[in-house]
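Below is one structure; the comments refer to it alone.
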Amino acid sequence: CYLSEDHMLGARENLRLLARMNRLSPHPCLQDRKDFGLPQEMVEGNQLQKDQAISVLHEMLQQCFNLFYTEHSSAAWNTTLLEQLCTGLQQQLEDLDACLGQVMEEKDSDMGRMGPILTVKKYFQGIHVYLKEKEYSDCAWEIIRMEMMRALSSSTTLQKRLRKMGGDLNSL
């Protein structure tokens, strides 16, 4: 399983698209900021094993895609940029699907992956609750856009770490 340079370029392009989606000055929205508990240490640190790292990366990208591929999201953002972001996230997910399939075949049990995956799901659940509580306001979406930039930046760090291991996820 190999993460190509195109995969890494796609990750950087997704971050650029999120930056371009900025519609508001963040200053009026600062009172709406919240700590969503990004599992940054888990994602950026060295504590994940190969199967966990691939699973966490896939889950983060899937949850980010799910967040932006909604009716509420399409009402909040420039449609062209949003479609490009969703397409980019989908491409990254497809790249990872083969890796995830290999990992799942190699392991009889997915119990080792469940803890980190549940942490990621809990993080995104908090984001969905926040958006609903804030009634999907423009400020709430701006806070989430900035948060997703942090999350995708962290996931890019994990992807770089996976590639540094010779580009071969099996060498982790």
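Keep in mind that glycine also has a Cβ here, set from the backbone N, Cα and C atoms.
Copied over from Swiss-Prot:
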DISULFID  Cys1-Cys99  disulfide bond
DISULFID  Cys29-Cys139  disulfide bond
CARBOHYD  Asn78  N-linked glycosylation site
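Checked against Asn78 (N-linked glycosylation site), the disulfide-bonded residues Cys29, Cys99, Cys139 differ in C-alpha distance, with Cys139 being the nearest. Neighbour counts of Cβ atoms within 10 Å were compared for the disulfide-bonded residues Cys29, Cys99, Cys139, and the top value is held by Cys99. Within 10 Å of the C-beta of the residue listed as 'N-linked glycosylation site' we count 14 further C-beta atoms, all protein chains included.
Note: the Cα of Cys139 (disulfide bond) and the Cα of Cys99 (disulfide bond) are spaced 37 Å from each other. Cα separation, Cys99 (disulfide bond) to Cys29 (disulfide bond), rounded: 39 Å.
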